[in-house]
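Asker: Got these off TrEMBL a minute ago, pasting:
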{"type": "TRANSMEM", "residues": "A:12-34", "note": "transmembrane segment"}
{"type": "TRANSMEM", "residues": "A:54-71", "note": "transmembrane segment"}
{"type": "TRANSMEM", "residues": "A:97-116", "note": "transmembrane segment"}
{"type": "TRANSMEM", "residues": "A:145-164", "note": "transmembrane segment"}
{"type": "TRANSMEM", "residues": "A:170-189", "note": "transmembrane segment"}
{"type": "TRANSMEM", "residues": "A:201-221", "note": "transmembrane segment"}
{"type": "TRANSMEM", "residues": "A:268-285", "note": "transmembrane segment"}
{"type": "TRANSMEM", "residues": "A:318-341", "note": "transmembrane segment"}
{"type": "TRANSMEM", "residues": "A:353-378", "note": "transmembrane segment"}
{"type": "TRANSMEM", "residues": "A:390-407", "note": "transmembrane segment"}
Amino acid sequence: MSLARTRRPVLGAALKDAGLAALVAAGLFLPMVGLRTDVGPTGALFLRTRWTDVLLLMAIVFAGRFLLRFWQEWRAERHGPSVQKRLAGPLSRSGRFVAPVLLLFALLLPAIPGIGRYELDLGILVLTYVMLGWGLNIVVGLAGLLDLGYVAFYAVGAYSYALLAQYFGLSFWICLPLAGLLAAFWGILLGFPVLRLRGDYLAIVTLGFGEIIRLVLLNWVSLTGGPNGISGIPRPSFFGLAFTAGGGPGSFADFFGLEPSPTHRVVFLYYLILALALLTNWVTLRLRRQPLGRAWEAMREDEIACRSLGINITTTKLTAFALGAMFGGFAGAFFATRQAFISPESFTFIESAIILAIVVLGGLGSQLGVAIAALVLIGGFEVFRDLQEWRMLVFGAAMVLIMIWKPRGLVGSRNPTVALGEKRTISAAMVAEGRG
Amino acid sequence: MAPILTVENLTMRFGGLTAVRDVSFAAAPGAITAVIGPNGAGKTTMFNCITGFYRPTSGSLTLRHEGREVALHRLAGHRIARAGVARTFQNVRLFAGMTALENLLVAQHRTLMAATGFGIGAVLGLSGYHAAEQAAIGRATAWLEACGLIDRADDPAGSLPYGAQRRLEIARAMCTEPALLCLDEPAAGLNPRESLALGELLRAIRDGKAAEGAAPCSILLIEHDMGVVMGISDHIVVLDHGSKIADGPPAAIRADDKVIAAYLGEGDEDEEGAA
């Protein structure tokens, strides 16, 4: 009967702990939930008491705390490996299937029955952030340079397309590479002054850079329209075929003999951003297995050692900035053409913070992690729309919980780029986070 | 034979402190030259000058390799490595989160980068990068075997035991195909057996017999472990308080009065003054 003997104190401790938690809950909920002022029929305020609700909440806290504590004690007693460790094997094995499944889902999304305009728009939004996350992942995840002003390149891309289209009447397909190139150019411009900066200092300067770009866009009214933004940005065409609502000659619907529908353009935009995001992913994955990508990761691990091996730190850093910025620029051009209207308000610091949160939450350097994090963050944010003002709270709590559960992001481990035998993932504990 | 490295009147000042004062010596090609001296003698400072981490206040450093003369004191840090000087660090600096094999491939960055058409060609799959990478992996494998690390090739460098990390760092330096290998206290933290093996490895590197296809490589090392230094060095330079006090073969150094005084503290002017 050793089981009963050892369980007795566990049960007692758990009961005591749960009782205390219930008392704390009572202290909190009595004034907050128990008392409520309502407007009476005469228009006067009266105090309504809701003691049953308070009791219910206390019971929930008691039960929850009790179960949690009981489970913890019970587990510690068994000295078994933690759930996380036991799950690690199957989880990492299932990881191999997650990426193809997600990709297949993304490819087939518009064809799935029941997927309407709203879902497609949400898909476009998520994919935009996936692409931005992957772009920033080059700078932060691989090269280890903490960039808090990534949204600047997104803005440069968006305004490049908007202005080139407005002043020179260039089409989207010509502007897309130009927007990328211009963003890359600004990435290099930012890169030069921050080459010698590390860690926090680098973060502050990039943050400032992001704000400078936004303020210039806001105040250069004659060129950018200032706070009024730029409207009437032309929509992209499908190999010269326009997506016009009425059909008409030369339109997409007319050419393929389809019923004109506004959904065509949304589906087209969806596949466009999917293709752009996959391009980002493809380039990153390829570069990672090549000297440039390895030099980025080596730089994240140890910059001084890199120098002693003859790696030019300057060009290596600048290529990371330029390439990351270029994909940000592509995403920006896409954003402009999708919205048909841009203003500096879309490029505030919070955007940079969200993109960085996606990268950190996903796991620095992990492509799959970043994609999942973008899905969870952006998609989750939309799903919780019904919660109204509680949304931010839920959002914040979810992020805190994930960071407690997985301090190095959802996929913190690193896959070696090359191996003599079987490739084994490297645990997050080994991998450096980079200090700029 | 002309020396591979000539140090002439090297002086390094940090503000008012002169860490290295007017040091001149030459390292012979195909030899192991050791720099020894008490703590704070300026050994690592001089090393950092040679490997480009510091720019010397005055003096010159000349590398003679394959008929070319390179003025190291005028080169930027990463160019010194490209000129043929590789180094290891007193506190091991590996890319801990990358596998041993990846560490050695990073070291071959320059040759591989050239093969990729500087990144662009390889992304598009245009160039003959695959062959270059296979060759690089071959060289890395040869060095992993030379250092007894072939079984750990796919393990992250940070998970290797300390002695293995030291060997891996040497292998990484050798993968840059240097003419001169600079080792900053390679035996620090090694047990006697590992030190002995290290001495053999260094001799093999000097003679170009360590790994398949390796060229003979001159070695410059800083070392505290006298057993290692006396056992493998062909030539020893002794520094004390930033100045060179002796220079010669091990036997001569062992008998040198100034060296004995520096190590035992005899005849030190400061102490005489205090006494």
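Including glycine, each Cβ sits where the backbone N, Cα and C put it.
In TrEMBL, annotation is done automatically, which means it is predicted and not curated.
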Asker: Could you name the stretch, out of A:54-71, A:145-164, A:318-341, A:353-378, A:390-407, with the greatest number of CB pairs under 8 A to the transmembrane segment (A:201-221)?
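Answerer: It is A:145-164 that shares the most Cβ pairs under 8 Å with the transmembrane segment (A:201-221).
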Asker: Please identify the stretch among A:268-285, A:318-341, A:353-378 with the greatest number of Cβ pairs below 8 Å relative to the transmembrane segment (A:97-116).
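Answerer: Most Cβ pairs under 8 Å with the transmembrane segment (A:97-116) come from A:353-378.
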Asker: What else in the chain is close to the transmembrane segment (A:318-341), if you only count residues 6 or more beyond its ends and a Cβ gap under 8 Å?
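Answerer: Hits for the transmembrane segment (A:318-341): 124, 128, 131-132, 134-139, 142-143, 145, 147, 150-151, 153-162, 172, 175-176, 179-188, 190-192, 195, 229-236, 269, 272-273, 276, 279-280, 283, 287, 292, 296.
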